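Following: one structure in structure tokens, then a few remarks.
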Amino acid sequence: MQTLMIIHASVALALMPFTVYSSKIISKFVEYETMEGIINSANEKYIPNDVDVEKCIINGWWDLAKRIVTLSHQEGIDLSYKVRSTVEQMQRESAELIQLLNKHYNTIDVVNVAFQWAESPSEVFLAIKFSNRWSSPGALVVSDESLDVDGNVLKYSSKGTQSDKLKMYQLILELYDEVLPQETKVTPVSMGRFTITLKKVHKAVWGRLTKGNEKIHNQQIWWEMKEKHQEACDTFVEGDEADPEADADADHHDENHIYDDEDGEKDEL
């Protein structure tokens, strides 16, 4: 008898994983039937909603999800945002799963982003692309974004996928002079690009973006913005030079090096 009990216990332990798995399948099946019954109920009118359509999409109950969307049109209920966002999230997860088949996928390459810049007497404008060259394709969507502006130092980083390869995009700049961190503005422009607007602490025409004289290979002039603010910069410099009591900081107003560290190509944002 004791031997028989031991055998039964061993069999039960061996079957436990299968039992747990089976119970989960049964539970999901019950959930599906419950949802189907609610949607197709003849006794109570079903009202399509975000929660139900999201649950159906996540669980792969595509027939029920389609039924909910069809009913939403009849009821004049807009589920487009929830449907699109949920499907896009599943597509991202699926794409990442495929990418993980590449054993080198988690090896992150660091990319110094391509960017363009311009200035007015009071602001600095940066246009940034998730690529190492402005003319090259780059990541369209990024995550884990971080932007830190402190004094005259700007640090930006994010992660994105390009050509099925995970990359870290970064931009580190020691600006020519200090800016006001609390006045920093970030604006999405299009897929894969955004702009940063920095407020100068001291109103001035810098003439160059960074403190050092070394050329940054992935830096270009933002011609559209430069031309937009050129008159204001010229007027400011002329007015400052005409004022004998002005604080004539030569490094701020030396026209001989204005934009001398750029490659001069006109690229549109």
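The backbone N, Cα and C atoms fix where each Cβ goes, glycine too.
Now, the feature entries from TrEMBL:
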type: SIGNAL; residues: 1-22; note: signal peptide
type: DOMAIN; residues: 110-210; note: domain 'CS'
type: COMPBIAS; residues: 237-248; note: compositional bias 'Acidic residues'
type: REGION; residues: 237-269; note: region 'Disordered'
type: COMPBIAS; residues: 249-259; note: compositional bias 'Basic and acidic residues'
type: COMPBIAS; residues: 260-269; note: compositional bias 'Acidic residues'
Task: Overall pLDDT of the domain 'CS' (110-210), taken as the mean - done: 94
Open item on the list: As a quick check of your reading of DSSP, tell me how many residues in the domain 'CS' (110-210) are helical, how many are strand and how many are coil.
Closed with: 0 helix, 67 strand, 34 coil
